[in-house]
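Annotated features, as they stand in TrEMBL:
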- B:70-111: repeat 'WD' (REPEAT)
- B:160-201: repeat 'WD' (REPEAT)
- B:202-245: repeat 'WD' (REPEAT)
- B:246-287: repeat 'WD' (REPEAT)
- B:297-331: repeat 'WD' (REPEAT)
- B:332-362: repeat 'WD' (REPEAT)
Amino acid sequence: MTSNSNLSNMRRLVEQLKLEASVERIKVSQAAAELQQYCLQNATKDALLVGVPTGSNPFREPRSCAVV
Amino acid sequence: PTIYVCFSLCPLGGTEVQLNETLAHLKTESETLKSKLEEERAKLHDVELHQVAEKVEGLGQFVMKTRRTLKGHGNKVLCMDWCKDKRRIVSSSQDGKVIVWDAFTTNKEHAVTMPCTWVMACAYAPSGCAVACGGLDNKCSVYPLSLDKNENLAAKKKSVAMHTNYLSACSFTNSDMQILTSSGDGTCALWDVESGQLLQSFHGHAADVLCLDLAPSETGNTFVSGGCDKKANVWDMRSGQCIQSFETHESDINSVRYYPSGDAFASGSDDATCRLYDLRADREVAIYSKESIIFGVSSVDFSLSGRLLFGGYNDYTINVWDVLKGTRVSILFGHENRVSTLRVSPDGTAFCTGSWDHTLRVRAICSLI
């Protein structure tokens, strides 16, 4: 029975939890607002979101794409 | 709270009783700290992400088509990575082969046969001049890519990382000089490529580590890892310390990926959900799930703006999620077996998936104009 290693593991766990508990946090409302702002600010550059002008997408088909 | 001194003698009689008391004491303390952590996190949980995003315009219909199919692997594709040049791709397979493709032309530029099967991890070097890979051999090896097609790449192979169990993931850091690895041995490690020296090891997962992702370079020296212990851990690369830990998934975490701003990360799990964790709020802020989705997620990645989250699933599909609103915007078909790996290209114009059906597919949005 490795009681000594159990003890040192538990000590490490307690120290780790103390560290995690001490992290400075912000409100979800603020964090969410900033995530949203980043999305909206970069939306026009996001080719998978808004598409790119025909002809400039390197992965386009050789012929034009039919929009369904 | 006082900490009892522990004698490092073999526990016998009275000393054993003292050890057990100390253990019990520490256990109580850890339970208290865990509750306190949850309490502190809950205090700041004033709203849901999708509520904040209610006023944001919804996304329309998405038509994403397969633009290239890369055929050539003889068995399940397990991993892939893009080159910074946005056109080359490295992929690795259960059959032991690692292939470098030109995704524009679908030509195979290089092929290496590894001495092991199940090459679960591969990565492209930032310079585009080398690839790293490994798997059941418990190692991560680097192969410089030669311009001479006839040159035997295996001859220049450099063994860099050594774990005591399978290599699950690897990634170069900002340069070709350092590699970060994760392993079935429960650890992550940072290595110097030239010397093979271990620079830092990261202990804290209680089971196999399955995935890792480096924070975008602007946000500093951290990375996130996910494992079979259902935890996602954020690490300080210099100190080796775990600085934040999240345990809300109900099963193995197969994939983790940072949000492009570096302030959050997404995870995909065998519990059939993807989740978003905000690092500054220090909590999970969204779950991407549907009752109809019951198969595990193998891999996740964000589109360039972070608005879309792509998830590759074990039911052969790709689900595309609106990150802000929490809803699914598209489901993509095409693969004939599990999707095992998924990455958006460096400039965000396309994304590639690899599958147990032996192929890779590159998809882009159908031009709307």
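Backbone N, Cα and C atoms are what each Cβ position is placed from, and that goes for glycine too.
Cβ atoms under 8 Å from those of the repeat 'WD' (B:246-287) belong to residues 41, 44-45, 48-50, 210-216, 218-219, 224-234, 293-302, 304-306, 309, 311-313, 321, 323, 326, 342 of the same chain, restricted to positions at least 6 beyond its ends. If one looks beyond the repeat 'WD' (B:202-245) by at least 6 residues along the same chain, the residues whose Cβ comes under 8 Å of a Cβ in the stretch are 165-166, 168-169, 171, 173-174, 180-190, 251-258, 260-263, 265, 267, 269, 277, 279, 282. When the repeat 'WD' (B:202-245) is classified with DSSP, helix, strand and coil residues number 3 helix, 22 strand, 19 coil. Taking the repeat 'WD' (B:70-111) as a whole, pLDDT averages 96 in the prediction. Per DSSP, the repeat 'WD' (B:297-331) is made up of 0 helix, 21 strand, 14 coil.
Mapped onto DSSP helix, strand and coil, the repeat 'WD' (B:160-201) counts 0 helix, 24 strand, 18 coil.
When DSSP labels each residue, the repeat 'WD' (B:332-362) comes out as 0 helix, 15 strand, 16 coil, counted as helix, strand and coil in that order.
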